Amino acid sequence: MPTHLVWFRRDLRLQDNLALAAACRDASARVLALYISTPAQWQAHDMAPRQAAFISAQLNALQTALAEKGIPLLFHEVADFNASIETVKNVCRQHDVSHLFYNYQYEFNERQRDAAVEKTLPSVICEGFDDSVILAPGAVMTGNHEMYKVFTPFKNAWLKRLKEDIPPCVPAPKIRVSGALSTPLTPVSLNYPQQAFDAALFPVEENAVIAQLRQFCAQGADEYALRRDFPAVDGTSRLSASLATGGLSPRQCLHRLLAEQPQALDGGPGSVWLNELIWREFYRHLMTWYPALCKHQPFIRWTKRVAWQENPHYFQAWQKGETGYPIVDAAMRQLNATGWMHNRLRMITASFLVKDLLIDWRLGERYFMSQLIDGDLAANNGGWQWAASTGTDAAPYFRIFNPTTQGERFDRDGEFIRQWLPALRDIPGKAIHEPWRWAEKAGVVLDYPRPIVEHKQARIATLSAYEAARKGA
C-alpha cells in the first residue's frame, strides 16, 4: 500500500486544494498530512503576530477537518526552512512515504527549500502544483516569451488565456476507507508571538470563509467599483487574509464570482473585483520571473540611488499614527489595532511615508508585513513598489498624493477619521481634514499633533531627490 504525504504550507483548506486532491486520488493509499512551523524563518520574514494567531486557528480547524476524513496531521516545529528540509526527509523515512505532494510557493527562499527537499528524496515521487494562482507563472507571456512588465497587457493576455480553459475547482477529498480518526487530537500550538484577531471579520472555519465569499459575490461584487475606495463603507470582500494563508483559493473566488456575476470576464458587473484578483496574479508571476523582488530590490534600477532620509522621529510618527494628517493617522491606527487596512488607505499611507517623509519604502514594506493579518510578500511588495514608483508599472515618481485632498475625497465627512481619532470627533464636518486650522479659529487646543511636514515643501524635496537619482542613471 503506497503512503502519500501532503505537505501543507500556505494552503490551509480541504476544498480546491490541488496537492491534497492528488494525494487522495488513489483510494488504496494511506494519506498523511504534514505541517512544519518555522518561527525563526517567520521572524526573518516579518510575519505579523495576528497572522500567526490566524494560522494557528486555521491549523487546528484543518486538523479536525482532516481527522474527519481519516487523515492525520503530523506537526513539527524547527527553526527555519533549512531545518525543515531534514524534517521532511525524516518524516518520509519514518513513514515509508512513496509520494510527496505539495503546492508551489513562489518566493525565493521557499523555492530554494523545495528544490533542496526534492534532491534529498531520490526514492520519493514528488509532485508540485500551481495552487495559489489561477494561471501558472509562465502561462501568460509576451510574443517574445518574456514576462509582461505592464499590468494592462498582462490582464488582457491573462483574460484571453483564461477564456480558453478556465481551471476547475476540485472537491474536498472523500473519507478514507480506514474511516475517521478516533483518537483525541492534540491542539496545534505555534511557538511564535500571537495577537488576537477579529474572527467575525476574518473567519477561520472553511465553510465560514466560503459563506463570506458567497455573500460578497452575491451582494457586494457588483457595487465594488462604486464602494471600494471609501474606508467608512463596508465595500470590500475582507477575503485577503484567507487568500494569503490559503484558507481560500483564487479559483474558488473566480468560480463564485462568475456564478453570481457572469459578465465579469467581459467588463460587466464584478469585473473590477476580478481586476484585483488579476493584480494578485500579476505580482506572483513577476516574483517568479524576477526573484530579486524577494530580496527587497527595486524593479527600476535607478531608484536605488534615491537619497532617502534617515529620520526615526518621522518614521515612528507614521507608525503610531501621529503625523498630523488625519486620514494617514486614522489608517495607521486601524492597522495597528486590527492588523488590516483598507486598500485605498494602504496607497495613501505608503505614498505619505515615501513621498512626504522621503523614507525608504522598504521600511514601510517591512512594517506592514509585521502588522498585517493578510501579509503576503508578492502583494505587499508590489503595492509598496507601486506607491514608491520603484516597481514595474508603478505610479510615476512625480505622482504624489496630497494627504489632505485624499481624505477629503475618500472620507469626505470624516466618518472613518472620527472612528479612529477620538481627539477629533467634535470637529464639525469637513474641517476635520485640517484640524489645526479649525483649532486656531475656534481657539481650541487639540490633543492631536500639527502636521510634521508641510506637503507642498515635502513634494518639492521628493521630486528633487527622484530627479537627482534619475539623472544619475
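For all residues, glycine too, the Cβ spot is worked out from N, Cα and C.
Cβ neighbours within 10 Å of Asn109 ((6R)-5,10-methylene-5,6,7,8-tetrahydrofolate binding site), excluding its own Cβ and spanning all shown chains: 18. Positions annotated as (6R)-5,10-methylene-5,6,7,8-tetrahydrofolate binding site by Swiss-Prot: Asn109, Glu110.
The FAD binding site annotation in Swiss-Prot covers Tyr224, Thr236, Ser237, Arg238, Leu239, Ser240, Asp374, Gly375, Asp376. A 10 Å cutoff on Cβ-Cβ distances gives Leu239 (FAD binding site) a total of 23 other Cβ atoms nearby, all chains included.
Sequence-distant neighbours of Gln406 (DNA binding site) (same chain, 6+ residues apart, CB-CB distance under 8 A): Ile327, Ile348. Annotated DNA binding site per Swiss-Prot: Arg228, Gln406, in sequence order.
The annotation domain 'Photolyase/cryptochrome alpha/beta' is assigned in Swiss-Prot to 2-134.
Using a Cβ-Cβ cut-off under 8 Å and counting only residues 6 or more beyond its ends in the same chain, the region 'Interaction with DNA' (276-283) has close neighbours at 133-135, 148, 151, 154-155, 158-159, 243, 250, 253-254, 378-379, 381-382. Feature annotation from Swiss-Prot assigns region 'Interaction with DNA' to 276-283.
Swiss-Prot lists Trp308 (among others) with the feature site 'Electron transfer via tryptophanyl radical'. Taking the Cβ of Trp308 (site 'Electron transfer via tryptophanyl radical') as centre and 10 Å as the limit, one finds 15 other Cβ atoms among all the protein chains shown.
DSSP classifies Trp361 (site 'Electron transfer via tryptophanyl radical') as helix under the three-state reduction. Sequence-distant neighbours of Trp361 (site 'Electron transfer via tryptophanyl radical') (same chain, six or more apart, CB under 8 Å from its CB) are Ala350, Leu353, Val354, Trp384, Gln385, Ala387, Ala388, Thr390, listed in sequence order. Sequence annotations record features per position, and here Swiss-Prot assigns site 'Electron transfer via tryptophanyl radical' to Trp361 (among others) based on similarity to another entry.
Marked as site 'Electron transfer via tryptophanyl radical' by Swiss-Prot: Trp384 (among others). In the three-state DSSP scheme, Trp384 (site 'Electron transfer via tryptophanyl radical') falls into the helix class.
DSSP gives Glu110 ((6R)-5,10-methylene-5,6,7,8-tetrahydrofolate binding site) a helix state.
There are 23 other CB atoms within 10 A of the CB of Asp374 (FAD binding site), with all protein chains counted. Put simply, of the recorded positions Tyr224, Ser237, Trp308, the one whose Cα is nearest the Cα of Glu110 ((6R)-5,10-methylene-5,6,7,8-tetrahydrofolate binding site) is Ser237.
Remark: secondary structure over the region 'Interaction with DNA' (276-283) totals 8 helix, 0 strand, 0 coil, with classes taken from DSSP. Of the candidate recorded positions, Asn109, Arg228, Trp308, the one lying closest to Ser237 (FAD binding site) when CA atoms are compared is Arg228.
The distance from the Cα of Leu239 (FAD binding site) to the Cα of Arg228 (DNA binding site) comes to 14 Å.
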